[in-house]
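Asker: A single structure is presented below for examination.
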Amino acid sequence: MPQNEYIELHRKRYGYRLDYHEKKRKKESREAHERSKKAKKMIGLKAKLYHKQRHAEKIQMKKTIKMHEKRNTKQKNDEKTPQGAVPAYLLDREGQSRAKVLSNMIKQKRKEKAGKWEVPLPKVRAQGETEVLKVIRTGKRKKKAWKRMVTKVCFVGDGFTRKPPKYERFIRPMGLRFKKAHVTHPELKATFCLPILGVKKNPSSPLYTTLGVITKGTVIEVNVSELGLVTQGGKVIWGKYAQVTNNPENDGCINAVLLV
């Protein structure tokens, strides 16, 4: 045996300490926290180099994870389906039948048809991310810039619970949260102040829809139960869609036209 390998020799003779594996596991668990602490305290060129190294490590790790996932998922065989008599359990195993393609196309067309409305404002100006979301700098040295504050009017439901402020990425100020909208019925030519039920679609971005941001052209759902509208079957209509026609952040109120 080579010199200076006395620890390995001792382990071969007498085995490991009883708490060795537990201590090793705990040390490995602490390592992530220690690296994080080290990264926070570092400044200057040393910090830049360290972050670059960590960035490269993370990319490599993500690539490895992706490779493992690819290996585990079953790949679809695009080869032609064998001609002739095929047992029932092998039918539709490989390749796509023409009927399946047609069925999917019809389903897709139905979805598209269902998603279209005749709206008062068919085209509106897109709202950029810099316009809607203001960057909030945080951290000891105000270096972190992952938080965003919504600068437009938004709707937040009654069941919404805030995350702890430290972990909240999108901040929606109380002053910009609206609960009611002035909705005009195009046939009755009358305006009603109705409670908002939710934001159906913001034309600028799906992110704004999930955040409940209300800008010009947004389709919102309003409670029309007090209007007394009924269906052909005699049931009271509870909610209906309306499109916002003004800029609520400038006017201080939401004006919308009911989609009938």
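Every residue, even glycine, has its Cβ placed from backbone N, Cα and C.
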Asker: Which is it, of 20-41, 108-129, that Swiss-Prot names as region 'Disordered'?
Answerer: 20-41
Asker: Of the ranges 11-18, 195-202, 211-218, 227-234, which one does Swiss-Prot list as motif 'Nuclear localization signal'?
Answerer: 11-18
Asker: Pick from K70, K80, K143: which one does Swiss-Prot list as SUMO2 cross-link?
Answerer: K80
Asker: Restricting to the same chain and to residues at least six past its boundaries, which positions have a Cβ under 8 Å from a Cβ of the compositional bias 'Basic and acidic residues' (20-34)?
Answerer: none
Asker: Helix, strand, coil residue numbers for the compositional bias 'Basic and acidic residues' (20-34) per DSSP?
Answerer: 15 helix, 0 strand, 0 coil
